[in-house]
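Enquirer: First the structure, which I've put down as structure tokens, then a few questions once you've had a look.
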Amino acid sequence: MQLKYMKTLLTPQDGAAKVTCMAWAPNNAKFAVCTIDRVVILYDEQGEKRDRFTTKPADPKYGKKTYVVKSMAFSPDSTKIAVAQTDNIIFVYKIGEEWGDKKVICNKFIQTSAVTSLVWPSEHAIIFGLAEGKVRQANTKTSKSSTIYGTDSYVVSLTSNVSGKGILSGHADGTVVRYFIDDEGSGESQGKLLTHACPPYALAWGTNSIIVAGCDKKIVAYGKEGNVIQTFDYSRDRAEKEFTVAASSPSGQSIVVGSFDRLRVFNWSPRKGTWDESSPKEIPNLYTITALSWKKDGSRLSVGTLCGGVEMFDCCLRRSIYKNKFEMTYVGLSQVIVRNLSTGTRVVLKSQYGYEIDEVKVMGKDQYLVAHTSDTLLLGDLVSNKLSEVAWQGSGGNEKFFFENETVCMIFNAGELALVEYGSNDILGSVRTEFMNPHLISVRLNERRQRGVEDNKKLAYLIDIKTIAIVDLVGGYNLGTISHDSKIDWLELNETGRKLLFRDKKLRLHLYDIESSVKSTMLSFCPYVQWVPGSDVVVAQNRGNLCVWYTIDSPERVTMFPLKGDIVDLERSNGKTEVIVNEGVNSISYTLDEGLIEFGTAIDDGDYYRATAFLETLEMSAETEAMWKTLSKLSLEAQQLHIAERCFAALGDVSKARFLNETNKIADAVAKEYDGDGTDHYQVKARLAMLDKNFKLAEMYYMEQNAVDEVMEMYQELHMWDECIAVAEGKGHPELDNLRRSYYSYLMETNQNEKAAEVKENEGDFTGAVNLYLKAGLPAKAAWLAMSKDELLSSQDIVSRITAALIKGEFYERAGDLFERTRNNQRALECYRKGNAFKKAVDLARVAFPAEVVKLEEVWGDYLVQQKQMDAAINHYIEAGRSIKAIEAAIAARQWKKALHILELQEDRTAAKYYLKIAQYYASVQEFEVAERLFVKGDHIKDAIDMYTQAGRWEQAHKLAVKCMTQEDVSVLYVSRAQELEKEGKYKEAERLFTTVDEPDLAITMYKKNKMYDDMIRLVAVHHKDLLQETHIHLAKELEAESRFQEAEYHYLEGQDWKAAVNMYRVNDMWEEAYRIAKTHGGANAHKQVAYLWAKSLGGEAAVKLLNKFGLLETAIDFAADNYTFDFAFELARLSMKQKIPDIHLKNAMFLEDQGKFNEAEIEFIKAGKPKEAVLMHVHNKDWSNAQRVAEAHDPESVADILVSQAKFCFDQKEFQKAEAFLLRAQRPELAIKYYKDAGMWTDAMRICKDYLPSKLSVLQKEYESEGNWGVEGMIEQAQEWEQTGEYSRAVDCYLKVKDSSNLDLLLKCWMKAAELAIKFLSHDKAVDVSQIVGPRLIQLRKYNEAAELYLNLDLIKNAIDAFIEGEEWNKAKRVAKELDPRLEEYVDKRYKEHLKNQGKVDSLVGVDVVAALDMYAERGQWEKCIDTASKQNFKVLHKYIALYATHLIKEGEVEKVLSLYIQHGVPAYSQNFNIYKRMFQELVNLRDRDCAEAFRMWSDLRDVLLLLCENLTKSSEANSPAHEEFEQMLLVAHYYATRSAAKGIDQLSSVAAKLSISLLRHTELIPADKAFYEAGLAAKAVGWENMAFIFLNRFLDLADGIDEGTLDALDHTDFQDTDIPFEVPVPSRLHVTVEKREEIREWVLTVSMDQRVEQVLPKDERGTYEASLVAASTGIRSLPCVITGYPVLRNKIEFKRPGMAANKDDWNKFLMATKTTHSPECQDVLKFITQWCGGLPSAGYSFH
């Protein structure tokens, strides 16, 4: 967050005139400032002063200067301002929405003390604080106020959280209290939150924490529950003053704190979870800041000062311009203001959850906002200002957004479509789809309201390219799935989401009704389709027609207009709908019938009167008729019967219109009598049910009212006599018989004999029924009735009449049934045969005429064949034994398997003829093996071979042929057949035959002869692979000879000889083809070579054009030159690239040089502008004269180089004089010197140098000296010479250069001589430099004394001391330091200590540095030496190392050694040792198997150490501290353990030992609980206290289970209620008892609980309390514990000198007696300890009082 000064709103005054308060309006349009003179000034958004008003006192009589305005706030709607005043009142002023509106006081709230602060978080609730400490709420609706909470401390500040649902109040005593109007599910606490170190005048509530500051110059950040997160301390900064005010940004992620001349800015870092301080805004002469107010969009901060100034600052993290259209101002991590630069409109985009906004984009024709945070996605509509924030997990920014729909944003990501409705913070719905085209998705959200539908949100999309799914987004369920047979390319729901239009790739248009799930095709060809906005009318184009469906419920009703062009658009505005058609250049509009569209809309809106009125204006047409039908249906459903009557009248449905007219009369009469519309009357409801043909429902309505006659009348009118009679029967109607008679008469009158017969049958008149059935021409029914009634069968007359009628009517089967029932089997069989009822005939024959069965089966088979039921006939022929017929039937029925099965069962050869037919079938279905078998069986082997041949299965044919023919015959047959096929042009078949008889060469020859080279090559590849390439080349050459170049090319390439193909085309001047092949198949440069040859063949301009076309001109020139075709290269260069000519000359010159044509080469070099190359050529050939000539003529600069080259040559030839002359001519004396030096001719070099370069003589001399390989003697001689001539510096250098490792004495002598000369004759600095060289060399040779002496001669004291130290001459080093530079004594000592440490001479180190020595002992683990040495030092040093040793021992698990260490050396009351003492105690009480007499010494030592510690603590500053009390408790526990060990050794004290174990249970906060209960249980069990043993051991088992689980939360404390045994104890890290012992205890506890002999209750004493509890359950009085048993001391007590120490007389006497009788040293030790601890024993002896 950066604060940037914008402008001064109110100029500061010279003196104090503070701005008391300020407030920004929630709508960001107004800013209010209250000055010291109690005037409220109003500014606009830009900071321009627009209005002002004066505040009023609570009582006018007190005047205007009797109060101060402390705080003010705008109402949430920005039309009111609440003003808090110190004269105990709050005024609410209505300021209006416009500037200059009259200011009116609309509320006032009088209080009992001054109002100090105020906020207005919600519509009618103002929260304010009072000087008396109360925080109250004022309701502007009721003008009443009430107290929310009260404190006793002045309210200094009040603030709300970001949402305004939570309030913080700061009080003068430092208290900060929190109150929630609504905690928004956070679960945070209310009430006192924290206490700050000073009054929290600066109080701000950020998103994640609370910032508090005040006069102590500290800014503290507190967490959500008042814990300190961070502290910013400026108390040491003298420039800082007290903090007076704080303000949080609207997002809560930045907080500004004001002080003197300074604003401190803090920004919340979500990643770190802390506040980061930005660089403070320092403004000299601003003085103390008294008020801060942040604009609600976060973009401005206003600052009020002590001198009455108001400054405005711009607040932003960053600002950017997007697409030069929008300004993005990031006012916080989670808030961005987006401003349209052209219109000035603004939208505040904010993350409601406080997430950091990454980047904001404006998309969808600059109308929609999209932004990401880490966990959410922000969307917004800039036009409607609807914003959304939905949960969105990071997808790497790969989403695609579609904004085609104005109400919903479609987001496509990784195959999933999500829909977000603008203004909603939830994802509307998401579905899986791969098709993210707006034309393949349709969303409709409440676009047209329907009757009775609140929320209508539908989605249609593609599941796959042929399947549409329709989803209800409100309920989240599938409304339907449409599977289509073709790909779908467009779909759209209507505005109500009830109909779906879709079009497929074949341009067929379909309509799907979602409610009925009916799909109908509307057009077979449709390039354009669209719903008319605001209606259910569809407009589409079908080739040359404009199609309009005004009533979509009747898709067949379509209005068509011819048109010439294509529909391009549909426009609906100003009550007019036009279809725009593009007819070539012109656009023509076709106006739709708005009235028809109006009808559809009226229907959808449920306004049927409006629809009727509209239809009455239209003439009757197909469309109008469809609309009347729709209206009639809907009005009936809505029970608007008058409209329905009008509709049926219009449709000409007179009967329905009359029926409805009568119904309406009934309804009107009812309505007149009873009010309402009369449609609920039973007659109306019944008539409507009749109209709907639901007669049962109508009957129900009548019967509910017991209107039986009306039901009967209804059924009679409808001639539904059966139903009428049923009603009469059900109700026992008196007219029932008459009704039946009337019904029969009616039937007879209307000649309904069948129905009359049924009535007779129902009445039991079967003879009459039979007569009537016969009369009605229904003999079959008469027969059924006769067969069901035996009395009719007994009448011969009736049976003969019925059978005669049946035979006459050709109902033979029924006649047969009747004859069979009357035992007339012969007639029955005849009838069955006549009626073709063969099954019944056969069944009857099996019983009555067995001989006829076989005949009947054959006849049955013949009948079935006649009926073409061949399949059914087969079995009957088999039954009749007619196999041939059966085979023929099976073949006719194409039951080939059955036919084959029957055939194979035949032994007779007459059936063999059928093999061929069946075999031919199997051959036709390509079941060749079966067919072959049948052909062979039927002696048709030739047919089998032909079958295989035709099927191309030559191998099988061959195999078959071989079986019945010789190999030669087969081959002759196959070859001759193949040749025939060849003649017929069936080459493939011929090939198959050739290859079958192993004659592939014949096939190859055949293909070659017929020039079928592909097939020829294929066979060669299979049968002669080694000849394949050769064949390709051979064919290619043949084809080339025939000028079939393309085919030849193919074979050359297949033969891997692309060069031959290129050459073929080149020879035939087909350069394009040659170039193509070279480029495709040649290497990287092949095509370039072909292009080059092509160009060369063309020559001149044509060549240049060609090469330019391929971009190879320069390459070609280079290639020509490189291949020595210089004429062509020059030709190309001259025509197109003159700049290349010199290069070609140069290459030509090089070529000529290589050819030895030097003169021609020289000319070419000069033409190339490279005379130097010509010179170098002559120089290379040692042709110095020509070189000189060319150089002088063309390159004078090279003359000198020639002379140098000539000189070099002469030097090599040892002609030194010539060489020198040449070099001096070339003016290169330095080269002469170099060559002489290289030749070792130093004299000549010196001479030349002296004559021509005297300035370099000295350097040469030095070089000569350094380079001269003189040897050691030569060096020394030279040095002595320098010395004699007084050149001491050179002499020194010479001596120092001497390096002869074989003669160390000589070396030493030389170096010492150098040092001596330096000291004597050279300057001090030079001498020091020499000593710095010689000294280290001497030290290296271990000549420490000589080195030190050298340093001392030059007063280099420290170097001398270092030399002595290097040689471990410590005494000399100390002496030098002491005598020459006492400051270095400490340095020597330090080095000496380091030396001792490094050498490990600790014993020597003790004398020098004890602490260092002790540390070293400790490091090495030499603890005995360490402690022994430390004991000779002071007490503190000793205990420091004892503490270190103790810590080491505890880590190693040797805690008993720690105890003996403190026994030996005492326990000082050092607080830093407390943890060691506690750890020692814990480790000792955790030890296993210490519940015995043998452990007495350990426990007594622990007890004595703790006693000594407590005594030392009493004398120290830690007396009576919590630590002291804790050690007293440990002492008591250790005493109990020691006493218990003593008692364990004596049988008569077993009860004392048990009591001590039980008393230790109250100390389970210090000792392991499981161990304590285990030991107490065993002790109680040992002395027979089974109740206690059971309870304690049971508790032990519960604890053990808890330790295994890691928690003791599940423990039941019932047994220990009203005892002093603690419930809350630490969970031991491990079990202190072995698994075996634990299982033993578990078995004992189970046994006891099963026996039920022990009551699970702890024993109680006279107090009614558990006997070992110190605290009485009823009174809460705490008794003293007995020093012997730990049990409470009640009546018989012995008191000791030390207060609070007592014993039970009985226990004391018992212990004393046992001690005396046994002389136990342990018991005596206990008594001695009690004397020491409790201040003396009472007089010895028994007490019997």
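Backbone N, Cα and C atoms are what each Cβ position is placed from, and that goes for glycine too.
As annotated by Swiss-Prot, repeat 'WD 1' applies to 14-53. The annotation repeat 'WD 5' is assigned in Swiss-Prot to 195-233. The repeat 'WD 8' feature in Swiss-Prot is assigned to 483-521. Among the features that Swiss-Prot reports, repeat 'WD 9' is placed at 522-559. Residues or ranges marked as repeat 'TPR 1' by Swiss-Prot: 691-725. The repeat 'TPR 3' annotation in Swiss-Prot covers 809-842. Sequence annotations record features per position, and here Swiss-Prot assigns repeat 'TPR 4' to 854-887. Annotation comment: Swiss-Prot describes 912-945 as repeat 'TPR 5'. The repeat 'TPR 7' annotation in Swiss-Prot covers 972-1004. Under the heading repeat 'TPR 9', Swiss-Prot lists 1272-1305. The feature repeat 'TPR 10' is assigned by Swiss-Prot to 1328-1361. The repeat 'TPR 11' annotation in Swiss-Prot covers 1407-1441.
Describe the structural context of each listed feature in the structure shown, including burial, neighbouring residues and relevant distances.
Expert: Across the repeat 'WD 1' (14-53), DSSP assigns 0 helix, 20 strand, 20 coil.
Residues 156-162, 166, 168, 170-176, 186, 188-189, 240-248, 251-255, 257-258, 264, 266, 268, 270, 273-275, 277, 334, 354 of the same chain sit 6 or more residues outside the repeat 'WD 5' (195-233) yet have a Cβ under 8 Å from a Cβ within it.
Residues 439-444, 447-448, 450, 456-458, 460, 462, 465-468, 470, 527, 529-531, 533-536, 538, 540, 552, 555, 604 of the same chain lie 6+ residues outside the repeat 'WD 8' (483-521) yet bring a C-beta within less than 8 angstroms of a C-beta in it.
Panel annotation: around the repeat 'WD 9' (522-559), residues 448, 490, 492, 494-496, 499, 501, 503, 507-511, 566-568, 570, 572, 577, 579, 581, 590, 592-593, 596-597, 599-601, 604, 622-623, 626-627, 629-630 of the same chain, lying at least six beyond its termini, place a Cβ under 8 Å from a Cβ of the stretch.
Taking the repeat 'TPR 1' (691-725) as a whole, pLDDT averages 77 in the prediction.
Sequence-remote contacts of a segment are chain residues at least 6 beyond its ends whose Cβ falls under 8 Å from one of its Cβ atoms, and for the repeat 'TPR 4' (854-887) they are 833, 836, 838, 841-842, 845, 893, 895, 898-899, 902-903, 905-906, 910-911, 914.
Residues 887, 891, 894, 896, 899-900, 903, 951, 953, 956-957, 960-961, 964 of the same chain lie 6 or more positions beyond the ends of the repeat 'TPR 5' (912-945) yet place their CB under 8 Å from a CB of it.
Below 8 angstroms of C-beta separation, residues 949, 952, 954-955, 957-958, 961, 965, 1010, 1012, 1015-1016, 1019-1020, 1022-1023 of the same chain, each at least six residues beyond the ends of the repeat 'TPR 7' (972-1004), sit close to that stretch.
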Enquirer: With DSSP, how much of the repeat 'TPR 10' (1328-1361) is helix, how much strand and how much coil, in residues?
Expert: 28 helix, 0 strand, 6 coil
Enquirer: What does DSSP give as the helix, strand and coil breakdown of the repeat 'WD 9' (522-559)?
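Expert: Tallied per class, the repeat 'WD 9' (522-559) gives 0 helix, 17 strand, 21 coil.
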Enquirer: Please list the DSSP helix, strand and coil residue counts for the repeat 'WD 5' (195-233).
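Expert: Within the repeat 'WD 5' (195-233) the tally stands at 0 helix, 20 strand, 19 coil.
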Enquirer: Let's see if you can do this one: DSSP helix, strand and coil counts over the repeat 'WD 8' (483-521), in that order.
Expert: 0 helix, 22 strand, 17 coil
